[in-house]
Amino acid sequence: MRLPLCSPQHGRSRARVTHAVVVIFLEFFAWGLLTTPMLTVLRDVFPQHTFLMNGLVQGVKGFLSFLSAPLIGALSDIWGRKSFLLMTVFFTCAPIPFMKISPWWYFALISVSGIFAVTFSVIFAYVADITEEHERSTAYGLVSATFAASLVTSPAIGVYLSGQYGDSLVVLVATVIAVADIAFVFFVVPESLPDKMRLTSWGFPISWEQADPFASLRRVGKDTTVLLICVTVFLSYLPEAGQYSSFFLYLRQVIEFSPAAITGFIAMVGILSIVAQTVFFGVLMRTIGKKNTVLLGLAFQLFQLVWYGFGSEPWMMWAAGTVAAMSSITFPAISALVSHSASPDQQGVAQGMITGIRGLCNGLGPALYGFIFFLFNVELNEGEPMAGRSTASTQKLVVPGPPFLFGACSVIFALVVAFFIPERHQLAEVKTCTANKAGSSSAAHAQNGSPLAVPISDTEDLEPLLQDSVM
C-alpha cells in the first residue's frame, strides 16, 4: 500500500513545495547579495593568487560536504526533514555576518560549514516526500528554477547598495534575510516525513558502519547504475562549480564587462533559466524522458563551455549565456531520475549521495579553474581590465578561457557515461538505522510501507544501491 505522503497530518499544517521554494530562495538571495563584497574580501585577505586561495577554502568546504551529505540525508530519512533543514540553513548562512566582523573567521566558518551546508540534499528529499511520482519532475524543476530566480536581482541589488552605502549595509541586509530564512524554517515549515516513517526518539543508537561517510561510495562502486549516475554528476558539475567561482570576474577582467553589464548578464541567465526549468523542463521530461533530458542538458552545457572558451567579444558571452540557461535542466533531471528509482524511505540517502558529489565538485572546481588560469598566465586578481595592461599578448590569445575548454572535455566524458545509464532501475532497500535495530513488527511495517521494500539480512548491508527492476 502506498504511503499517503501528500496527506496533512493531524494537528499541523500540510507540507508543500512552496515551503521548499521559499527556503531556497531566501538562502541563495542572501548569498547573491554578497557577490561583489565577497570579491572585495577575497582580494583584501588573499591579495596574491586570490582565486587559488578561494579554491582551497571552498575545497575544504566541498570535501566536508561530500563526506556529510549522504549521512545527513540518511538521518533525515529516520528523524525527519525539518530538524536537518533547520540545521543546514543555519550553518550555510552562519558565515555571512562574519564577512565584516572578522574576514578570517568568515573564511574559517565557510570551510567548516560544509559539514552541514547540504540544503539541496534535504530539500529534494522534502519535495519527494510530498509529491507523487508524476509531479516530482516538475517540482524539482521549480526548486532549481527558484535558485536561478534568487540570482536574477540579488547581485544587482548588492552592487547598488554597495556603491551607494558601502559593503557593510549589504552584509547587514544579507544577514537579516538569512535570519528570516532560519525563522521561516523554524516557525512555518512543517515536517514532511509521515509519523509512521520516523523514529520518536533521538536517542537511537547508530553504529559506525551506518555513520561511515564512505559507505555510500562502497555501494557506488558495487552497482553499475549508481556509478554511472555519480560519475555523470561529477564530470558535469566539476566545470560548472569552477565556472561559478570565477566567471563574473573573468567577464570583468578578460571580456571587459562593466559592473552593470555583469549584473545584467546574471539577470538574463537567471530569467532564462527559470523559463527553462519551469516550462521546457516539464515538457522535455514528458516527451523524451528523464535520461534523454539529462543528455540534452549536457549537450547544451558542452556547447556553452566551448563558446565561453573561444569567445573573445562581449556579444559572444551574451549569446553563450542563453545556452547556459538551457543547460540548467541537467541537475533537476538527474535528481528526478534518482528519485524515480528511490523508495519513500530512501529519498534522503539517494539525494544525499548526489549532493555529496556536487559538494566535492564545489571544492575541486574553483581550485582547478584558478590553477588553469594561473598556468596560462590569466590573472584573476581585481584591478584594471586587461586592455589597460602592458601584456598585450594576453589580449590576442586564441583561447581566452582555457579552463572552459577543459570543462568542455569533462562534459564530453559525462555525455558518454550518461549514455549508458539504464532507463528503468529501482533503488534496492538499503539497511538504515531503523532496519538495523527494528524488531519483527517494524520489519513488517517496512515491507508494507513501500512496494520496493524487501527483507534485509545482516549479510546484505553492502549490496548494490540500485538493482535492475527485472531481477
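Cβ atoms are placed via backbone N, Cα and C, with glycine included.
Keep in mind that what you see is a predicted model, and the values were worked out from it rather than measured.
Quick look at what TrEMBL lists:
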| type | residues | note |
| --- | --- | --- |
| DOMAIN | 16-425 | domain 'Major facilitator superfamily (MFS) profile' |
| TRANSMEM | 20-39 | transmembrane segment |
| TRANSMEM | 51-72 | transmembrane segment |
| TRANSMEM | 84-99 | transmembrane segment |
| TRANSMEM | 105-127 | transmembrane segment |
| TRANSMEM | 139-163 | transmembrane segment |
| TRANSMEM | 169-189 | transmembrane segment |
| TRANSMEM | 226-251 | transmembrane segment |
| TRANSMEM | 257-281 | transmembrane segment |
| TRANSMEM | 293-310 | transmembrane segment |
| TRANSMEM | 316-338 | transmembrane segment |
| TRANSMEM | 359-378 | transmembrane segment |
| TRANSMEM | 398-421 | transmembrane segment |
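Confidence for the domain 'Major facilitator superfamily (MFS) profile' (16-425), expressed as mean pLDDT, is 79. The transmembrane segment (257-281) and the transmembrane segment (169-189) are not in contact, since fewer than 3 Cβ pairs between them lie under 8 Å (pairs 6 or more apart in sequence).
Long-range contacts of the transmembrane segment (398-421) within the same chain: residues 225, 228-229, 231-232, 235-236, 238-240, 242-243, 246, 250, 254-255, 291, 294-295, 298-299, 301-302, 305-306, 308-312, 337, 368-369, 372-373, 375-376, 378, each at least 6 residues beyond the stretch ends and with a Cβ under 8 Å from a Cβ of the stretch. Tallying C-beta pairs under 8 angstroms between the transmembrane segment (51-72) and each of 20-39, 105-127, 316-338 places 105-127 first.
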